[in-house]
Amino acid sequence: MLINRSFVLATLMMATSMAAIDSSIVNVSLPVMRNDFGVDLNQIEWVITAYMISFSLFIPLTNWLKKRFGYYYLFLGSIVIFTLGSLLCSLSVSLDMLVISRIIQAIGGGSLSPTSLAILSETFPKEERGTAIGWWGMGNVMGPALGPTLGGVLTHYLGWESIFYINIPIGALTIFFSIRYLSFLKRQVDKESRFDVRGFIFFSIFIIILQYTISTISKQGFLSVSFFVGLLITLLMLYFFVQSAKKPQSLLDLNVFRIRQFNVAATITIIRSLALYGGMFFLPFLLQGLLGYTEIESGLLMLPNALIMLVSRPLSGRLADKGMIRNISISGILIVSISFFMLARIDIGVSVWFILFTMAIRGLGMSLLVAPVSTALLNAVKPNQTQTATALNSLFLQVGGSIGIAVSAVIHTFIYDRYLENQYPDQAAEHFALQNSFLITAVIILLAVLPALKLPQKSSLIYMLRNRNRDKKGDISAEEKANLLNKK
C-alpha cells in the first residue's frame with residue numbers, strides 16, 4: 001500500500017495540536033472560571049490537574065491497546081473520545097461537571113501523543129526522524145503556543161465555554177484524515193495479548209496517591225502524618241509496579257531504562273515538565289490579576305511565544321539530524337531559564353515590549369529544547385520498544401507537569417501567606433509570591449543542564465545503528481562499524 005508520508009504527518013500534527021491546544025487554552029480562562037464557579041485557586045487547579053492525572057493513567061494502556069487493536073483503531077478511537085469530552089466540557093454548568101468532562105477528554109487524549117509519535121517513528125526512517133519530529137512538534141507546541149492567545153479571544157467574546165468548541169471541528173477533520181490516510185496501519189493486531197491488570201492497579205494507585213500526597217502539603221505541611229503515609233504508599237506502589245513489570249506482557253517494557261541515552265533524555269523531560277507546567281500555570285494570574293490585562297490582551301501578549309516556536313521548531317529538528325543534539329538542547333535550557341528570570345522581573349508598570357520580548361525568548365528556548373531531546377530518546381531504543389518509549393515520554397511530561405503545578409501552588413500559597421502575616425497588602429503579597437514562583441522555576445530548569453551534558457552530539461548515529469542491526473552476540477556488525485568510521 002502506498003503511504004503518503006506528508007498527509008500522515010499532517011494527520012498526526014492535527015491530532016496532537018488538538019490535544020496540545022486544549023492543555024494550554026484552559027490556562028488563560030482559569031481566572032474567569034474561578035469567578036464563575038466561586039471557587040479558590042486550589043479548587044480551580046483541578047481543572048488542569050484532573051486532566052493531567054487521568055491523562056497519565058491512560059498513557060501506559062497505549063502499549064497494550066496498540067497490540068490488541070492496532071495503531072489505526074487506537075488512534076481513531078482516541079480522537080473520537082477526546083472530541084466527545086470536549087463537547088461535554090463546553091456544556092458544563094458546575095466545576096464538578098467540568099472536571100468529570102476533562103477526565104473523559106484525558107481518556108481520549110492520553111494515547112494521542114505517544115501513539116502519534118510511535119506512528120511517526122514507524123513511518124519515517126531514522127535519518128529523517130529528527131526533521132519529522134520537528135514538523136510534528138510544530139503541531140505539538142503550536143497548541144501551547146497559540147492556545148493562550150486563542151483562549152483569550154474566545155473567553156473575552158464568547159465566554160470560557162467556547163474554548164472547548166474549537167476541538168470539535170478539528171476533531172472531525174482529523175477523523176476524516178485518519179480514515180483516509182492511516183488505513184495502512186490496520187495491521188499489527190495481537191488478539192492474544194493479555195492485559196496486565198495488577199500492573200495497572202499498582203500504577204493507578206501510585207499516580208493518585210502521589211498527587212494526593214502533594215496536595216496535602218499546602219494545608220498540612222511536609223511534617224504531617226498524611227504526607228508521610230502518602231509518601232510511603234506512593235513508594236510501595238512504585239516498587240510493586242516495577243516488580244510487576246518484570247513479567248512477560250507487562251504494562252510497560254521497563255528494559256528501556258537500561259539504555260543510558262534514554263535515561264538522560266527522560267531526566268531532561270521530567271525536569272522540563274516540572275518547571276514549565278508549574279511556572280506557566282501562574283502566568284495568566286500575573287497578567288490578568290496583577291497587571292490588569294483582559295483575557296484577550298493577556299493572550300495576545302503570549303503570541304510571540306507561538307510565532308517564534310512556529311519558525312524555529314523545524315530548524316531545531318534538522319539540526320538534531322545533523323548531530324547537534326547536545327549543544328542545541330543546552331542552549332534551549334539556558335534560554336528558557338533566562339525567560340523565567342525575566343518573568344520574575346515583571347512589575348506593575350512594566351513595558352509591554354518587555355513582556356513581548358520575554359515570551360519570544362521563551363518560545364525560542366522551547367523550540368531548541370524539545371525536538372533534540374525527543375529525537376535522542378527515540379533514537380536510543382529498538383524498534384519494538386518505540387511504543388513504550390513514546391508512552392513513557394508522554395507519561396513523564398504529564399506526571400511531571402501535574403506534580404509541578406501542585407508543588408508550585410504549594411510554594412505560591414506558602415510565600416503568599418508569609419507576606420500576609422508580615423502585614424503586606426494583598427496585592428503586594430500576591431506579587432512577591434508570583435515573582436518567587438518564577439525564580440524557583442528558572443532555577444529548576446537550569447538543573448536540566450547536568451543530564452544534557454551527557455546527551456550525544458555526533459554520536460546519535462551510533463545509537464541508531466546499535467539498536468537496529470545487532471548480530472547474535474549483541475555486537476555491531478562489520479558493515480555498521482565501517483559506516484560509523486566513515487561518519488566520524
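Including glycine, each Cβ sits where the backbone N, Cα and C put it.
Residues or ranges marked as signal peptide by TrEMBL: 1-19. Same-chain residues lying 6 or more positions outside the signal peptide (1-19) and placing a CB less than 8 Å from one of its CB atoms are 75, 78-79, 82, 109, 112-113, 116, 119-120, 123-124, 132, 135-136, 138-140, 142-143, 167, 170-171, 173-174, 177-178, 180-184.
Feature annotation from TrEMBL assigns domain 'Major facilitator superfamily (MFS) profile' to 8-460.
Residues 23, 26-27, 30, 33-34, 37, 74, 95, 98-99, 102-103, 105-107, 109-111, 114-115, 193, 195-196, 199-200, 203-204, 207-208, 211, 251-253, 277, 281, 387-388, 391, 394-395, 398-399, 401-402, 405-406, 409 of the same chain, all 6+ positions outside the transmembrane segment (43-65), place their C-beta atoms under 8 angstroms from a C-beta of that stretch. Among the features that TrEMBL reports, transmembrane segment is placed at 43-65 (among others).
What TrEMBL records for 72-93 (among others) is transmembrane segment.
According to TrEMBL, the transmembrane segment annotation covers 99-120 (among others).
If you look up TrEMBL, you'll see 132-157 (among others) marked as transmembrane segment.
Annotation source TrEMBL lists transmembrane segment at 163-183 (among others).
Positions annotated as transmembrane segment by TrEMBL: 195-214 (among others).
Positions annotated as transmembrane segment by TrEMBL: 220-242 (among others). Under 8 Å from some Cβ of the transmembrane segment (220-242) lie the Cβ atoms of residues 199, 202-203, 205-206, 209-210, 212-213, 251, 254, all in the same chain and six or more residues away from its ends.
The annotation transmembrane segment is assigned in TrEMBL to 262-287 (among others).
Summarising the annotation, TrEMBL assigns transmembrane segment to 328-346 (among others). Beyond its flanks by at least six residues, the transmembrane segment (328-346) meets 268, 272, 275-276, 279, 283, 286, 291, 316, 319-320, 354-355, 357-359, 361-362, 364-370, 372-373, 376, 435-436, 438-439, 441-443, 445-446, 448-449, 452-453, 455 of its own chain at Cβ-Cβ distances under 8 Å.
Residues or ranges marked as transmembrane segment by TrEMBL: 352-378 (among others). Long-range contacts of the transmembrane segment (352-378) within its own chain (CB-CB distance under 8 A, at least 6 residues past either end) are made by residues 117, 121, 129-130, 133-134, 137, 140-141, 145, 261-262, 264-266, 268-269, 272, 276, 287, 301-309, 312-313, 315-317, 319-321, 324-326, 328-329, 331-340, 342-343, 346, 386, 389-390, 393, 455-456, 460, 463.
As annotated by TrEMBL, transmembrane segment applies to 390-416 (among others).
According to TrEMBL, the feature transmembrane segment maps to 436-456 (among others).
Within the chain, the transmembrane segment (99-120) has long-range Cβ neighbours (under 8 A, six or more residues past its boundaries) at 8-9, 12, 15-16, 18-19, 22, 46-47, 50-59, 61-62, 65-66, 71, 74-75, 77-86, 88-89, 91-92, 129, 132-133, 136, 140, 182, 185, 374, 378, 386-387, 390-391, 393-394, 397. Segment contact is absent for the transmembrane segment (262-287) and the transmembrane segment (72-93), given fewer than three CB pairs below 8 angstroms at sequence separation of 6 or more.
If one looks beyond the transmembrane segment (163-183) by at least 6 residues along the same chain, the residues whose Cβ comes under 8 Å of a Cβ in the stretch are 1, 4, 7-8, 10-11, 14-15, 17-18, 21-22, 25-26, 29, 71-72, 75-76, 79-80, 82-83, 86-87, 89-90, 119, 150-151, 154-155. Sequence-remote contacts of a segment are chain residues at least 6 beyond its ends whose Cβ falls under 8 Å from one of its Cβ atoms, and for the transmembrane segment (72-93) they are 15, 18-19, 22, 62, 65-66, 100-112, 115-116, 119, 161-162, 164-165, 167-168, 171-172, 174-175, 178-179, 182-183, 185-186.
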